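Trainee: This is the structure I have questions about; it appears just below.
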Amino acid sequence: MTSTKDKIEKLRKILLKYEYFYHTLNQSIISDAEYDYLFRQLYELELKNKELIPSDSPTQKVGSHILQKFKKIKHFSPMLSLENTFDVNGYLNFKKRIKKSIHNNEPLSFCCELKLDGVAISIIYEEGIFVRAATRGDGFEGENITSNARMIDSIPLKLKGIDIPKRLEIRGEVFMLKSNFIKLNKKYKLNQNKYFSNPRNAAAGSLRHIDPNITAERKLIFSCHGCDFFVKTNKELTTHYQRLMKCLSWGIPVNKEIVICSSDIEIIQFYKKIAQKRNFLDFDIDGIVIKVNSLELQKKIGSTTKSPRWAIAFKFSPKERITTLNDVKFQVGRTGVITPVAYFNPVYISGVMISKASLHNKNEIERLNLHFNDTITICRSGDVIPRLLNVIEIRRCDNAKKIIFPSFCPVCNTELLENIEEKLIRCHSGLTCDAQKKQALYHFFSKKSLYVVGLGPKIINELVEKGLVKNPIDFFYLKDIDLIQLKNVGKRKSIKIINSIKKCKKTTLKCFIYALGIPGVGEVVAGKIANYFIKLDKLMNSNILELNCISGVGKIISNNIFNYFSTISNREMVVKLIKQAGIFLNDQEIHKINSEKTYFFNKKIVLTGVFKSFSRIELKTILLSLGAKISNNISRKTDFLIYGNNFGSKFFRAKDLDVKIINQEELNSLIRIKE
């Protein structure tokens, strides 16, 4: 007589076999009704014999508990992104770099696959059993989505076959079929009056849903595109293609559109073939991925901190749609730059609704020869940024009105001035223009300037509209009674903002210069100016020749700085901020050190992580004052990497390049500043 244990084991094996054929081989060998019947039998038997339920049972993909939150999980090796190209020349340059890096003329073979538009995840198997899954996250640390990934039918909970490594990492994409996406949106909109913008967003939201049962309902699909065995298997695999086929034999889904190419013609033909099939597929792709097939060569070629050097994504040209231009509005930026924005009938491109696109400047309007109600072609550059490509002039009405760039500011009616060199048109009325005033004030109190907690754009806009503030000085005379009359600002929040305004008075010369919002003067340039002049009065009284002497500050920015401090109203405002509002530039301690060469003088430095003794902005200011050059990217020219807690990929890149690494304790000692 067959025991209950034997019945359960037999049912599991049958169901796992059917799942393998259906999800991996795309073959349905039994009807849905038959499958459901067997599944129900197993479920009821396990319900009565819970001690007999293993983690790889088909029933464990339903009925999981609801997660409260996703914990962070570190990847065994970084999950890198891919370099992109949109044309043949980009691919040829990629191949040329590879040839150069391997120093030989041996024929190369490439493994070409579909670039699925999904969510990248990592899955770990131990002894062939699914143990964990994580999203890419920042490449080094992702979200632990183990419970939700278990709900995806195409992810096997137990591998089958031989030569399965003790530990195996599978990487691939989770995506949603277009047909399922349409059904989900109909249901979602009906119940919640909301919808997902595209299948990828739907897949990402479903994968991270707090309830794994919802993930199960969404019918997500997984496809493997790579793996890591950690240790050598009994049968050594030498190519990427062999690894994928091995994964397939273990029951891991791999997309069937894979080819090995040995010539440029073969790769381009595959690209064209997939481009033609793209719209007929039931899932989104945005190109093909070209990988060096040899694992030995992959290792030799290596990776950057962002992407493997041995692979590239050959993306499809941006999709285009035809629509009608309704209007062009001219927006006024913080520095007075006038930017035309085209508004048109909404169109869907790559699953996203688009109704406007920046026209950048006057030259673009003239190039397009835009008229109202023109028929226009819209695309998404890189499948991301909306762009107006061209006008179909043959469809233009005879009486169509041409769009003319204004001669006066659309907000304050001041005459606009054109800078031929910068190809920009500006309103020079500064803070007397409401549009510039609002954005300039928000910039003045933003994080890298004189940061005030809780003082966001909405509050600033309302303060300006009510006439409570006209310039930065007015903020230092605000009282909590002024703030309470604003929307969504109570007594507690108003006191918090007032206290933060008082605290922001103590700042650095660099932050103060940056806060002024001089055109072209960003955080780095502000630091260089502060480091050069040391004192605010020296900067205010400088001439063009002095400004041109500052390394990294070009003629255009020098002129902008000179013009700013040559304007009487600007000088008066700066003086009032210091003398009346009481802004204190706390750089004295740094100035003493600045006069002599230090350990960091003229050294290229990169920062990573969180520091105990300083904020990132404070540390940058100190290092700049010591003559250092701050960079965001690690290279062979970098002299030092300074790291704090929770450091990122730059740390590992620095190790690879033998860059000197300095920790927080060493840093405090070297800069000779008390904590």
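Residue numbering: from 1, along the chain as shown.
Positions of Cβ are set from backbone N, Cα and C atoms, glycine also.
The model shown is predicted, which means the values in this text are computed figures rather than measured ones.
This is the feature table in Swiss-Prot:
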ACT_SITE  K115  active site, N6-AMP-lysine intermediate
BINDING   D32, A33, E34, Y35, D36, S81, L82, E113, R136, E173, K291, K315  NAD(+) binding site
BINDING   C409, C412, C427, C433  Zn(2+) binding site
DOMAIN    595-675  domain 'BRCT'
Trainee: Can you give me the Cα-Cα distance between L82 (NAD(+) binding site) and K115 (active site, N6-AMP-lysine intermediate) in Å, rounded to a whole number?
Mentor: 10
Trainee: Look at the binding-site residues L82, C409, C412, C427, C433 and tell me which residue has the greatest number of other C-beta atoms within 10 angstroms of its C-beta.
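Mentor: Counting Cβ neighbours within 10 Å, the top one is C427.
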Trainee: Cβ distance under 8 Å to K291 (NAD(+) binding site), same chain, sequence separation 6 or more: which residues?
Mentor: F110, C111, C112, E113, H240, Q298, W310, A311
Trainee: Cα-Cα, whole number of Å: K115 (active site, N6-AMP-lysine intermediate) versus C409 (Zn(2+) binding site)?
Mentor: 46
Trainee: Give the distance between the Cα atoms of C427 (Zn(2+) binding site) and R136 (NAD(+) binding site), rounded to the nearest whole Å.
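Mentor: If we compare the Cα positions of C427 (Zn(2+) binding site) and R136 (NAD(+) binding site), the gap is 45 Å.
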Trainee: Applying a 10 Å Cβ distance cut-off over all chains shown, what neighbour count does K115 (active site, N6-AMP-lysine intermediate) have?
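Mentor: Here the count is 21.
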Trainee: Hey, how far is C412 (Zn(2+) binding site) from R136 (NAD(+) binding site), Cα to Cα, in Å?
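Mentor: R136 (NAD(+) binding site) has its Cα 48 Å from the Cα of C412 (Zn(2+) binding site).
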Trainee: Mean pLDDT for the domain 'BRCT' (595-675), as a whole number?
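Mentor: Across the residues of the domain 'BRCT' (595-675) the model's pLDDT averages 80 on the 0 to 100 scale.
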